[in-house]
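The feature domain 'Arabinosyltransferas concanavalin like' is assigned by TrEMBL to 21-156. According to TrEMBL, the domain 'Arabinofuranosyltransferase central' annotation covers 163-605. Residues or ranges marked as transmembrane segment in TrEMBL: 169-188, 200-220, 275-292, 299-325, 357-386, 398-417, 463-480, 492-509, 515-533, 545-565, 594-612, 619-645. According to TrEMBL, the feature domain 'Arabinosyltransferase C-terminal' maps to 722-958. As annotated by TrEMBL, region 'Disordered' applies to 775-795, 939-962. The compositional bias 'Basic and acidic residues' annotation in TrEMBL covers 784-795. The compositional bias 'Polar residues' annotation in TrEMBL covers 939-953.
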Amino acid sequence: MIGLTGVVSGLLLPFAPVLTETTTLTWPAPGQPTVSSAALVVPYRPHQLSAALPCTTLRTASATTLTVLDTGTGGVSVTDGTDSAVLRIGDVEVRVPLSGTADCAVRIEAGPSGVSVVQADRTVALLAGQPVPRVFGMHTDLDPAIAQGLSVTAVITGPFATTPTTIKVGLVIVQVLAAATALVLLRSGRRVPWRPSARWSRLWLVDAAVIGTFCGWAVIGPLAVDDGWATMIARHAAMTGNPGNYYRWWDAAEVPFAFSQQLLAPLTQVSVAPLWLRLPSTVLAVATWLVLSRGVLPAALPAIAATARVRILAALTLLCAWLPFNLGTRPESFVALGFTAALALAWRARTPAALGWLALVCALTVPISPTGVLVLAPVVVFAGRLRAAARRGPHSRLTVAALVGAVGAVALTVIFADQTWDALVTATDWHTFFGPSLPWYEEPTRYRYLLQADQQGSMAKRMPILVSLALLPLATLLALRHRDPTAAATRRLAAVLVLMLALFAAVPSKWSYHFGAGAGVFAAFVTVAIVVLARRSRAAGRREIVIGVLGSVLLAATVALAFAGPNAWWLPNLYDLPWASSPIRPGDVPLDNAALWIGVLAAGTLTVAAVRRSAARTLLAFGPAVLALVAFGTVLAVLLGSFAAAPMRRSEGALALVNLHRLASTHVCGLADDIEVLPDGDVLTAPEPDLPAAGFATGAGFYPGAPPPDSPGSGASRYLWGSWTTGPDATGDVTTPWFTLPPLSPDAGVALSISGRMTDGNSLSLEFGAAGDSGVTPTGARVPVDRPAADERPDKPLWRSIGIDAADVPAGSDRVRIHASDGRTDEQGWLAFTGPRLRSTVPLTTFLADNGPVLLSWPQAFLFPCVHNLAVVSGGVAQMPRTVIESPRPWLTDDRNAAIGGTFAGIDDIASLGEIPSRVVGHPEIDWGSVRVSSPVQDRYARTTTRSPQWGISSRGPRPER
């Protein structure tokens, strides 16, 4: 009964009743004027929408061409003609006559069944099947007095914002108690005594080295790709209770794979410092090491697992398999521990109790990530052993199956404790539609990513995967003809490895960093494979020598291919690393050349043969293992060495120093401590008339499709020069008039905007002078640091701000002018620039504190622990951000991309984002990202939330528009 109770209660959880939230937005807010408002509804179309258009408003506006109401692209748009109001609802147009004296008020009602336009005389235009209009805001061009009576009400529902009812909480309690009782019952009966190894205590130095390396890596290691994404999901869930994705997929919950974020969320309430958030992955790394060295290897190599050589070998392989993948907040570290623990439990299973613990490990691993499916590999490989273990206890096999099922149903409790079946179906539908969601036969894509010359294909990520694949046929061939325990262990681990790689095909996204979920298994296999190579090489026959020689060639090619990858990592501008975009060549040694590895091994073999002929046969057979060990050691040295040296090469923006400062409690705001914002001040004036310029036009001369930030002759573009006159092949030279330069405070400076290039034949400098009776005497010239976009397209040039700090202005200067030359004739052979203006310097933390809400782009969100005034998403509505922290070029604006369900897609529809210049302190040339401020559109609506009970199959979210 206990087993059946646990299984049934778990199966009922997805369908149990919950309290669902309904959010209602009312614009304008009661008692407030009718002015434009943002309203970022997610997923864009509310469940219901109603709009009231008073006749007086429509008639008063009919004499103008102003917009009466606009909710955004794909929404409701109301404009007036001379004798009728034009209503555009999605792609449908409805005209309402305004002539005469009859009441012309209009009401728009939209819901799941369609849209109706109701006029005052009860005439109804029914648009059956028309979807509810999109809502990104309520914009009106009308004066509040004229717009009085204009109103919009939007009702938003969804399957994710739920609260468990008493019934569901009761089911959770019953299921957990049944699972715990089942574990106790499975332990009854015959037990296998546990015998700790007496030699463990002698190897504490290896444990200390491994743990110390993991802890040091937490300080100096790089960002993982989705550190910011996972951190923001957990952080936002802790703030608001909303389990949504925050950035994309219409803010869908990550159900059924949200367990790691649920575990991370409470930690974000303590701190969101990068070092603190790396604590779970570091603890998981240590736990995986203990499971590997105390659980898996003693089962695979019982006679030698506790020897120093095997323990050091396992340490080397695990460090090489773990460090490149599993630091940070991504879920792979959680899966890696669960997968390794499942392997250890399945291998050592002797009693039903082991089956219970294995079921619990699997139940807690599967809800973490799609890669949790990897736990099936050891279950399948050791299925015979598990069946035998089920027969050893006092219970019948049916009873054991029920009890194990009750424990396995814990997975349903983890997934559905606060979610429903509808939430699962809806989230899966949205994730599949927006992607990435690739079928199983696209699995080669993962290996294509692994071999790319970017952070997905870095040399450290390639090495453990490629070496494991290369050793797989060699170790298997050597193990097939032998029946000793080492050969059997090799065959089993090879089977687990092959099945693991096959199960990766079931994971819908194919990123290479998912390989981190198999770190423990990669380490276990490589360790055992090298052991079997060592054992066979001691009495090497012709077969072993042939396998060894061919395997050495294969390993040499594999190692060279791995070292052909760069030392590239996520957001590379944060690190000053060697070989960040090139193959690894320390001291110009071509590690990416297979001939080098073959030559070194051959030279070593010949040297050994000259001294001791019999040892040459051993070395020939052991050659693949030698190459693997040297390669792993080299990778580890390059990895740790380059990141340890990175902050010494450049301290500003270095993540390692951010973590060290956190430990010292000095600078605690992460990357923001090293960023300054440079807002514009007054435009300088030129009392002298403009001078003739050869090849440069005044008030023009910029690329036709890329106008300056302000219209020529106004704002920052009051003064403007450019060499795009007849095209990019024009050349010229210009010196502007002298501009009056007031005294500068220490945090001030001089700035200007430029477009085009100021290198390779083009140049620009600021010339300073001091005015006197005889004119202006030059005091010196300065060349501002430029930071053009490396990926900028010639047909879409960008304007950017450059300048000089007050400290760099020559003493005594009260005048400044600009000298520019265009000597290039290629497609980027032109230069345009504005006149000078003042600028100030503000620490980014100060700026963000005064300009919230803040939207942190997902690549950057891990790096700003002091930003607490975040843009909130809850109840199907996203808060309009005032400031956006953008990622480095090319900008990754998933949050504003409607094509992938970006949560903040409406920002670009109702507002404009203008960049405020910024820089890394001391290194203005580094593209750290950017600060963008939205036009002053705020949330000016009233919001109410109600809750009502619903069954878990009755709150289905909207389907994506296919």
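Keep in mind that glycine also has a Cβ here, set from the backbone N, Cα and C atoms.
Spatially, the transmembrane segment (463-480) is adjacent to the transmembrane segment (299-325); three or more Cβ-Cβ distances between them are under 8 Å for residues at least 6 apart in sequence. With a cut-off of 8 Å on Cβ pairs spaced 6 or more residues apart, the transmembrane segment (398-417) and the transmembrane segment (200-220) reach fewer than 3 such pairs and are scored as not touching. Using a cut-off of 8 Å between Cβ atoms, the transmembrane segment (515-533) and the transmembrane segment (200-220) share fewer than three residue pairs, counting only pairs 6 or more apart in sequence. Counting same-chain residues at least six beyond the ends of the transmembrane segment (619-645), those with a Cβ under 8 angstroms from any Cβ of the stretch are 213, 216-217, 220-222, 313, 316-317, 319-320, 323-324, 459-460, 463-464, 467, 470-471, 474, 526, 529-530, 533-534, 536-537, 540, 544-545, 547-549, 551-552, 554-556, 559, 562-563, 567, 575, 577-579, 584, 586, 591, 597, 601, 604-605, 608, 656.
Look at the region 'Disordered' (775-795): DSSP puts its residues at 0 helix, 8 strand, 13 coil.
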